[in-house]
């Protein structure tokens, strides 16, 4: 190479070609090249002194240059033909990379998926260790280029398996991320041929301790010798735990008899954690300290076009990702879902090449299961001719059925306008593809969706009317005016509604209209999402939720079924008992039997329980219709009074002296949910009535504590019991789950509150604040959850309607 005056790249803007051009420029060589399009990569090469031409022409090729081409360059390319006619020296990209690595300790990463991520992580670790490696990587990092010639003898590079060029390399260490049924057209359509090439490649490494392969990949397992890494217990580098917190991953692994705990990676997704584990193994093998590795992974800045944020607005999120194979798409969407919870995920997918789409036509439909909406657009052909077997509208229908999502086809030229009308507050859009789909994110960089119209509903007919107003007043402070326009709907004690924008003025009014009146109905119709902050009957028991479902409106808080079930304390006890959660022993009573046999009821209770006992109504709030009784006369009196409020009553064994422990929940028990707390509610005398709970009639409010002074085992126990109850009740929306903790350390379920108090003094919101949330984030989540519940139901209803239409035809 020393005597070569110049290198000319056909397609110099390509991510792989530009990396090698950068290395040559760093080493002092003269570089020129041509490409069809201007790009950031070309600008960065020009800044280093490269001469770059737009388009391909024979005049661009210097007479004395080595001409570099890649497998994507067509045989009839004018510059390629010119080089042949002139008998210029021609080098395939892989041959040049091999020459550039001569004399270096090369660490090569190959495999169907994850090459760029893994090689970028290895590069970042060696840079953090001050090793100054050379590298040629198929992606741009936020803080460095894709190619660089360093001062050390370490060289990190991707080794592309797609075109059979692995034969050119003699690596010192390798990572093989996985093998898939991809690019088999270069292997006579035979997977065995690809496996053989991978085997030959790995065998070039003389030290098997420097051959790392994915032990979770069934094709690699048994076909490669070296160090297996992955989640399977038999892997030599075993990832023993993984969890994702927002956009970061945390994992622990064992390797060579050592355990490395809680590695923090600034990337989401199990697949990225596996890539990072492989990078850790390589770095440890090369003698890099684990603390340096930790630091590098924690601050890793990611790779261009790998879940790269494209927009500015905080009201929604637009991400761009290079994923274009079904495995990559599924992994990417899974990591996004785990990061954003119940926010609506809109996947915008541009298939890459007709040949790849045809090969993967059976697997693509199931790749979008973690999305909520899929927009399918035109195939990026990369010069290929269309295939008759591919009909995008049919593929959209297959995606809908196989991924259980709404899917539609939108022409590429119409997508930006479509999204401007479709994106709403809190949406997460992910463009997927290796073609020119990146232009969509660029076009929406400064876009802001319109505000959501929120209807805050409060008051109500129950005796907890005043608490509802206090809760709504507190919640309204944290409804962001940047995201939402708020209207208030106040229900008076007679069930009449009034609406407006001025909450204090509405509270002072006393009149109202039927919810079916033209004024109220019109106001409800304009609302995007309803937010009920109602307590007790006609608001917390499924009644108002059913009304909202009839209106066809999203609503925050508990679903109809959770609200109705939780407000039936007897049904709640039966459900909890069925899943092994201890409940306070009780005896149910109904009004009909009580009226005919009160003496028998009293006798049964006295024989079952000892005094004091607790009398409770079955369908009222958590502190209404609840009485502590200490003798037979008081028992009869309070049962009679309780039946004035409810047709179902029960008597519980007293838990006086026990501690009242509460766990707060929001989200969907079947997918994403969060549990906060526990907290303790402490009364002055042990029994907390309605007045003490809220501080009425001059009584001091019951104290709320988050410092429970309990063992970790006890805290884990109550959270597990609360989780069991929430799942058994198919929790959707919100709930506070209350327990008694007796002197022996046993927990007993007391009740479940579907819309807990949300006043400034209430523990429900405080619990999430203690967990690190802001009040605004809690309110946002209520609205996100409401939209999620509604969207899922709409998708099901649309599918049902579609199937009905097909049957009719």
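Numbers here mean position along the shown chain, with the first residue as 1.
Note that Cβ sites are derived from N, Cα and C of the backbone, with glycine treated the same way.
As recorded in Swiss-Prot:
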REGION    1-450  region 'UDP-N-acetylmuramate--alanine ligase'
BINDING   111-117, 606-661  ATP binding site
REGION    451-809  region 'D-alanine--D-alanine ligase'
DOMAIN    573-784  domain 'ATP-grasp'
BINDING   738, 751  Mg(2+) 1 binding site
BINDING   751, 753  Mg(2+) 2 binding site
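Ranking the binding-site residues 647, 753 by how many other Cβ atoms lie within 10 angstroms of each Cβ puts 647 at the bottom. Put simply, residue 738 (Mg(2+) 1 binding site) is 23 Å from residue 647 (ATP binding site) when counted between their Cα atoms.
For the binding-site residues shown (607, 631, 738, 751), fewest C-beta neighbours within 10 angstroms: 607. Nearest to residue 639 (ATP binding site) in space, judged by Cα atoms and limited to the binding-site residues 738, 751, 753, is 751.
Of the recorded residues, residue 607 (ATP binding site) and residue 738 (Mg(2+) 1 binding site) place their C-alpha atoms 27 Å from one another.
Counting only same-chain residues at least 6 apart in sequence, those with a Cβ under 8 Å from the Cβ of residue 615 (ATP binding site) are 626, 627, 629, 635, 638, 639, 642, 649, 650, 651. Spatial neighbours are here defined as Cα atoms within 10 angstroms of one another, and by that definition the neighbours of residue 738 (Mg(2+) 1 binding site) among the binding-site residues 111, 631, 655, 753 are 753. For residue 753 (Mg(2+) 2 binding site), the nearest of the binding-site residues 111, 631, 655 in terms of C-alpha separation is 655.
Comparing residue 111 (ATP binding site) with residue 751 (Mg(2+) 1 binding site), their Cα atoms are 54 Å apart once rounded. The predicted model assigns the region 'D-alanine--D-alanine ligase' (451-809) a mean pLDDT of 90. DSSP gives residue 111 (ATP binding site) a coil state; it is part of no helix or strand. Here the binding-site residues are 111, 639, 655, and the one ringed by the most other CB atoms within 10 angstroms is 111. Looking at residue 631 (ATP binding site) and residue 751 (Mg(2+) 1 binding site), their Cα atoms lie 24 Å from each other.
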